[in-house]
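Engineer: I grabbed these lines from Swiss-Prot:
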- CYS37-CYS85: disulfide bond (DISULFID)
- CYS60-CYS81: disulfide bond (DISULFID)
- 37-85: domain 'BPTI/Kunitz inhibitor' (DOMAIN)
- 1-27: signal peptide (SIGNAL)
- LEU39: site 'May bind Kv1' (SITE)
Amino acid sequence: MGTARFLSAVLLLSVLLMVTFPALLSAEYHDGRVDICSLPSDSGDCLRFFEMWYFDGTTCTKFVYGGYGGNGNRFPTEKACMKRCVKA
């Protein structure tokens, strides 16, 4: 049973890396930290329906968030998105 658990853990880690790594490659970094406003929109892993906002590189755009997962480029309001991502 121990081998099966180990293989399951390795498989889960592999899937998480395959999902996360491309998003990190597309992100911009400032002072060694990911700039969340440069991440792509990500609706997450669930099928719920929440209207959220993300920064598309130019402006804040509405999208549907599933309720779990995703990345930091997700804001509850357009105002919150603009405040965080739009440079004055």
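Note that Cβ sites are derived from N, Cα and C of the backbone, with glycine treated the same way.
Quick one: where do these features end up spatially?
Structural biologist: Counting Cβ atoms from all protein chains shown, CYS37 (disulfide bond) has 20 others lying within 10 Å of its own Cβ.
Under the three-state DSSP scheme, CYS81 (disulfide bond) falls in the helix class. Cβ neighbour count for CYS81 (disulfide bond): 23 (other Cβ atoms within 10 Å of its Cβ, all protein chains included).
For LEU39 (site 'May bind Kv1'), the count of additional Cβ atoms within 10 Å of its Cβ stands at 20 [all protein chains shown].
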Engineer: Within its own chain, what residues at least 6 apart in sequence put their Cβ under 8 Å from the Cβ of CYS60 (disulfide bond), listed in sequence order?
Structural biologist: TRP53, TYR54, PHE75, GLU78, CYS81, MET82, CYS85, VAL86
